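According to TrEMBL, the features are:
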DOMAIN    20-338  domain 'Acyltransferase 3'
TRANSMEM  24-46  transmembrane segment
TRANSMEM  66-84  transmembrane segment
TRANSMEM  96-112  transmembrane segment
TRANSMEM  132-152  transmembrane segment
TRANSMEM  164-183  transmembrane segment
TRANSMEM  189-208  transmembrane segment
TRANSMEM  220-240  transmembrane segment
TRANSMEM  252-273  transmembrane segment
TRANSMEM  285-301  transmembrane segment
TRANSMEM  321-344  transmembrane segment
Amino acid sequence: MTTRIADPKSDAVPGKQRAAWADLCRVVAIYGVILIHSCGAAFYAFGKSPLPDWLSANALDSAVRVAVPLFVMISGAMLLRPGMQVVSTGNILRRVLKVFIPLVFWSAAFLYRNGALGSYGAGLLAMFSEPVMYHLWFVYMIVGLYVLLPFLQAIYEVLRSRPALSVYFFVIWFAVTSVPQYWPLPVLRIMQLTSFLGYGGLFILGGLLAGVDRKAIPRWACIAVYAICSGITFYLTWRFSEKAGVPVERAYVYFTPNVVIASIAAFLAFVTVDLSARSAAIAKWLSDRAFIIFFVHVVVLEHVRFSSAIRIATEHLPAGLVILLISLSTFLICGVIAAAIRLIPGASRVAG
């Protein structure tokens, strides 16, 4: 979700043109994260609000469940390139600090806002036990991927040159990581094979898929697969929730087969996109500020959701339109905040 996380400019192979499609994908993904969180209130009102309102929230949420996997795959696409040198210990530390310093800064800011920072910032130690805000888990996960980057690079290099092994690798990854989300496989537990790279698998997959010949990718077929899988997410969430009588997020989990396949299809579709110079410039501008947008969006969303304008809109507009209005307003305000912060000298090192 970030400029600092696999920036297409800073992490590209020297001499390579900046990947405009990756900028666009990152911008769409950060908006998707905001939309997911904008749907929360309506989604959790299952059984307490009109069914059409809940279905609208479910449809929007299902459509953007690919957002987080896309971020991970983009990072892999930018950091895993053919022939790149295995990162050194110093390089790993540099990458980790680029993410960790803003994490500390914003964690302190959120704790201060909530009156929990404590004397001399003692409350900040809490961030080493759990994220101080619910959305920050993603940054911790990215730090973990950076720590493992030399090993992920080595795996990528082997798989890149051996297609059959790549297929085998991802069949195993899918069987261990995705299939048990719906169909637990006792044999995996007996074999002590209960996890296999997790988000690292998506990271490597992003690197491999980014190397596919763009002209060989059937864009509309990818879009169709994405739409079908997102529809399955919508349907399963509806059925699970109806059966339980409470909102059930089981089909929303990022490793479910429906979300994983939708994410792969969406990623490939983005790879095929060509942007005009103006569109690429806009995407680059927003992409460069995505890290700050990610950090601040939950606070901005809170204020937007309870604003008088949204309360008035809720009385006159369908729930789906209200959610879109909330998410777009939050996105735009966060963009302005990010732009203002970036005007401060040295802010990018501290705030992202």
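Placed from the backbone N, Cα and C atoms, the Cβ positions cover glycine too.
All annotation found in TrEMBL is predicted automatically rather than curated by experts.
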Which of 24-46, 66-84, 132-152, 220-240, 321-344 shares the most C-beta pairs under 8 angstroms with the transmembrane segment (96-112)? 132-152
Residues outside the transmembrane segment (189-208) whose C-beta sits under 8 Å from one of its C-beta atoms, at least 6 past its ends, are 69, 72-77, 79-81, 141, 144-145, 148, 152, 155-156, 159-160, 166, 169-170, 172-173, 176-177, 255, 260, 263-264, 267
If one takes Cβ-Cβ under 8 Å and requires six or more residues beyond its ends, the residues near the transmembrane segment (285-301) are 1-5, 7-8, 22-24, 26-27, 30, 33-34, 37-38, 102, 106, 110, 113, 133-135, 138, 326-327, 330-331, 333-335, 337-339, 341-342, 351-352
Contact count check, CB pairs under 8 angstroms to the transmembrane segment (321-344), set 24-46, 132-152, 220-240, 252-273; argmax is 24-46
Taken over the domain 'Acyltransferase 3' (20-338), the model's mean pLDDT: 93
Report, as numbers and ranges, every residue of the chain located at least six residues beyond the transmembrane segment (252-273) whose Cβ falls under 8 Å of a Cβ in that stretch; write 'none' if there are none. 20-22, 24-25, 28, 61-62, 65-66, 68-70, 73-74, 174, 177-179, 181-182, 198, 202, 205-206, 209-210, 212, 214, 217, 219, 222-223, 225-226, 229-230, 232-233, 236-237
